[in-house]
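J.: Dumping what Swiss-Prot says about this protein:
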| type | residues | note |
| --- | --- | --- |
| DISULFID | Cys84-Cys100 | disulfide bond |
| DISULFID | Cys214-Cys228 | disulfide bond |
| DISULFID | Cys239-Cys267 | disulfide bond |
| DOMAIN | 59-285 | domain 'Peptidase S1' |
| CARBOHYD | Asn25 | N-linked glycosylation site |
| CARBOHYD | Thr27 | O-linked glycosylation site |
| CARBOHYD | Asn45 | N-linked glycosylation site |
| CARBOHYD | Thr47 | O-linked glycosylation site |
| CARBOHYD | Asn127 | N-linked glycosylation site |
| CARBOHYD | Asn138 | N-linked glycosylation site |
| MOD_RES | Tyr23 | sulfotyrosine |
| MOD_RES | Thr27 | phosphothreonine |
Amino acid sequence: RVSIPSVSKEHNRANAIFSRMGYVNFTDDETIWDDNDDDETIWDNSTESTKPSDEFFRVVGGEDAKPGQFPWQVLLNGETEAFCGGSIVNEKWIVTAAHCILPGIKIEVVAGKHNIEKKEDTEQRRNVTQIILHHSYNASFNKYSHDIALLELDKPLSLNSYVTPICIANREYTNIFLKFGAGYVSGWGKLFSQGRTASILQYLRVPLVDRATCLRSTKFTIYNNMFCAGFHEGGRDSCQGDSGGPHVTEVEGTNFLTGIISWGEECAMKGKYGIYTKVSRYVNW
């Protein structure tokens, strides 16, 4: 269950938005996953079941975020280094990409982070006690299909202006919000393909790409649980190390989770796009 923290004005605004749209509450279903979402349908005329190679972890051309600008963003640390991003669902749970989770890995979640090269008063560190991969996720079949996972923290986060859950709408409205056309992605991933990672949290506004254009851009399979976003001319994109981080859509001043950074071919290449997990498929959570 996703609680509505009293400290978060964003969630109150979200309920007001839904009221105007004829929908009063959001994300109050007790189930972890939507059992009706096993659709492996391939977009349009794509027929290959080719898998991207392991190097495609999937913010190039982005801007430095201000402290607290993306308070739902978290950093995932392994035993030796940071490796992925994620989003705060509530005080005890984080959502990220399933492909970030390697067998036996010990994960530390860092919330309230801005500059990863400095110890900051705003940061909160928690260990992960439980990992839940989507029940249809099968890395041996396709590492990026149903690319979504939940992480349970060992103790609750203390919510404040630097550590705040992202709003999650119901399936219908999450899909509608995605189609608004552009969303924000953020992370500490590589600043250019094969380059160095960012010290300060980066963000970028990326346009949604229609299915036909996306299919023409790649030889790899694009399922209905994925969507494409980015720029045809290249130069701006999510990149290695950003995986698991949020794609959010702003609606009347409130930010909603609409995607999860998943994969791509290199980073910011002309004619190539970032591929994201479509959150609307998984919100009965």
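Quick reminder: no glycine exception, Cβ is built from N, Cα and C everywhere.
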J.: Using Cys100 (disulfide bond) as the reference point, find which of the recorded positions Asn127, Asn138, Cys214, Cys228 has the shortest Cα-to-Cα distance to it.
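T.: Smallest Cα separation from Cys100 (disulfide bond) among Asn127, Asn138, Cys214, Cys228: Asn138.
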J.: Distance check, please: Cα of Cys214 (disulfide bond) against Cα of Asn127 (N-linked glycosylation site), rounded to an integer number of angstrom.
T.: 37
J.: What's the number of neighbouring CB atoms sitting within 10 A of the CB on Asn138 (N-linked glycosylation site)?
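T.: Taking all protein chains shown, Asn138 (N-linked glycosylation site) has 13 Cβ neighbours within 10 Å.
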J.: Please tell me which one of the recorded positions listed here (Asn127, Asn138, Cys228) sits closest to Cys84 (disulfide bond), measuring Cα to Cα?
T.: Asn127
J.: Is Asn138 (N-linked glycosylation site) helix, strand or coil when read with DSSP?
T.: strand
J.: Please state whether DSSP places Asn127 (N-linked glycosylation site) in a helix, a strand or coil.
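T.: Looking at the DSSP assignment, Asn127 (N-linked glycosylation site) belongs to a strand.
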J.: Specify the count of other C-beta atoms within 10 Å of the C-beta of Cys228 (disulfide bond).
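T.: By my count, 23.
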J.: Tell me, roughly as an integer, the mean pLDDT over the domain 'Peptidase S1' (59-285).
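T.: Mean pLDDT, the domain 'Peptidase S1' (59-285): 89.
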